[in-house]
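Trainee: Sending over a structure as structure tokens; questions will come in a sec.
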Ligand SMILES: *[C@@H]1O[C@H](CO)[C@@H](O)[C@H](O)[C@H]1NC(C)=O
Ligand SMILES: *[C@@H]1O[C@H](CO)[C@@H](O)[C@H](O)[C@H]1NC(C)=O
């Protein structure tokens, strides 16, 4: 029996057999930590900084367009006050944006993102909020002189995930970046990588009580977790997250479920890992609750994050407390 050594073969076979997933829809462009937004039938995705801009954006009117999405363009000008000299954020350091439409408020678009705090030497990332009144293409601007959420002594905060519950309560989930302090994966030791949940008022900005920890690496039984994404379906809350070091093939996408948004979450299971659909290190998943459309990235080259991360799209199947890709 011959093994399939040509890299295009397994991908082509599996893509043909499974219309729910489309791989590398930007044809090899780097597009990491993709946030997904859908408005009026158009899908928008936003990524970590790359040579395409501070926060690159792509879109398509057909989510399942296997032929590719629009070429990424910047959605976040470098001259946004937050990333200008004197602003709170350092230009070119934005990670893992999440964009939502504040349908429960004024229908404007809110972009939550992480950037390194301006300062001398190595600084942690913290969360900022940029807005566009009516255009999901941007430009998004952040006029704040201070970050939005910033547990700096704990390593900072990254990977924001905005979520509107079906009782119309608004939240922002994020990760406390313990790895900045040498904890968690990518060479660190087991430590602090909790996923926090901050209740917000409808303006998407004003705190509505204190943030609470909802999940962490120890509970998951792994070295580190990040990139939370929330979904509620038939009364079940799904918390998706990435496990391991983003730079390697051991990075994967797991999830837990609960009947209350604050938990307790339990029963960790793997949704996507290296080898599935010919992928390397799949993570950074974001899901749109209504359509179950999701985006995630994976390493373009096995074990080599320097070669970039590709954008993949998938339609999730959810049944009870189980999520699958069919
Ligand atoms: C969808 O992708 C195609 C192919 O890249 C592109 O030409 C088109 O502009 C995209 N549509 C939208 C609405 O972005
Ligand atoms: C990893 O990718 C970079 C960028 O494409 C390339 O220069 C380097 O040679 C690659 N490393 C390996 C081991 O292939």
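Cβ from N, Cα, C; glycine included.
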Trainee: Per TrEMBL, which of 40-65, 66-91, 92-117 is region 'Disordered'?
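Mentor: Checking TrEMBL against the ranges 40-65, 66-91, 92-117, the region 'Disordered' one is 66-91.
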Trainee: How big is the Cα-to-Cα gap, in Å, between residue 33 (active site, proton acceptor) and residue 226 (active site, proton donor)?
Mentor: 11
Trainee: Test of understanding: give the count of other CB atoms lying within 10 angstroms of the CB of residue 226 (active site, proton donor).
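Mentor: Its Cβ shell of radius 10 Å holds 28 other Cβ atoms.
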Trainee: Going by DSSP, is residue 226 (active site, proton donor) part of a helix, a strand, or coil?
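Mentor: For residue 226 (active site, proton donor) - judged by DSSP and reduced to three states - the answer is strand.
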Trainee: Near residue 33 (active site, proton acceptor), how many other Cβ atoms are within 10 Å of its Cβ?
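Mentor: That number is 29.
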